[in-house]
Amino acid sequence: MGQTFEGHLVAEGLKVGIVVGRFNEFITSKLLGGAEDALRRHGASEADVDVAWVPGAFEIPFAAKKMAESGKYDAIITLGTVIRGSTPHFDYVCNEVAKGVGALNMSTGIPVIFGVLTTDTIEQAVERAGTKAGNKGWEAAAAAIEMANLSKELSK
């Protein structure tokens, strides 16, 4: 039988970039808090976590690409909140952000984690930012830690 590879949840020594959309900041700030908490609890130092704020979710892939291209990071976490309104704008933004982050994840050589909430209501977003449904920022950070370590294992 061949090898089994797993990424471990140890953030010590990992350099992580976080891109956060400012639109719906009352939600995204909670996602950021969750991500920072997860990174700290798994051993990351404050000095190893950089945060870039962008105007909204649509701008997230651009900043994530710049961070990835810098070569300084083991993983990038993207955080944002898009809440459905009465126009098709929601669909356009969600599709482009998801495609942009997915493309970066496949092309940059480092994990780029999608932590952007796409919800029908404000209540759903609040639930996913630290109340009933956990904190998706925390979950995105845990995925980033695991994938950064898995990437290192697979590169040996």
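In case you wondered, yes, glycine gets a Cβ from its N, Cα and C as well.
Swiss-Prot has this to say about the protein:
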- His89: active site, proton donor (ACT_SITE)
- Phe23, Ala57, Phe58, Glu59, Thr81, Val82, Ile83, Phe114: 5-amino-6-(D-ribitylamino)uracil binding site (BINDING)
- Ser86, Thr87, Arg128: (2S)-2-hydroxy-3-oxobutyl phosphate binding site (BINDING)
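This view paints the features noted in Swiss-Prot onto the structure.
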| residue | record | CB count, 10 Å |
| --- | --- | --- |
| Phe23 | 5-amino-6-(D-ribitylamino)uracil binding site | 17 |
| Ala57 | 5-amino-6-(D-ribitylamino)uracil binding site | 29 |
| Phe58 | 5-amino-6-(D-ribitylamino)uracil binding site | 19 |
| Thr81 | 5-amino-6-(D-ribitylamino)uracil binding site | 28 |
| Val82 | 5-amino-6-(D-ribitylamino)uracil binding site | 24 |
| Ile83 | 5-amino-6-(D-ribitylamino)uracil binding site | 17 |
| Ser86 | (2S)-2-hydroxy-3-oxobutyl phosphate binding site | 6 |
| Thr87 | (2S)-2-hydroxy-3-oxobutyl phosphate binding site | 8 |
| Phe114 | 5-amino-6-(D-ribitylamino)uracil binding site | 21 |
| Arg128 | (2S)-2-hydroxy-3-oxobutyl phosphate binding site | 23 |
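If you compare Cα positions, Phe114 (5-amino-6-(D-ribitylamino)uracil binding site) sits closest to Arg128 out of the binding-site residues Ser86, Thr87, Arg128.
Cα to Cα, Thr87 ((2S)-2-hydroxy-3-oxobutyl phosphate binding site) and Phe58 (5-amino-6-(D-ribitylamino)uracil binding site) are separated by 16 Å. If you compare Cα positions, Ala57 (5-amino-6-(D-ribitylamino)uracil binding site) sits closest to His89 out of the recorded positions Ser86, His89, Arg128.
Summary for the recorded positions Glu59, His89: the Cβ-based neighbour count within 10 Å is maximal at Glu59. Comparing Cα positions, Phe23 (5-amino-6-(D-ribitylamino)uracil binding site) lies closest to His89 out of the recorded positions Ser86, His89, Arg128. Glu59 (5-amino-6-(D-ribitylamino)uracil binding site) sits 22 Å from Ser86 ((2S)-2-hydroxy-3-oxobutyl phosphate binding site), taking the CA atoms of both as reference points.
Spread of the (2S)-2-hydroxy-3-oxobutyl phosphate binding residues is 23 Å (greatest Cα-Cα distance among Ser86, Thr87, Arg128).
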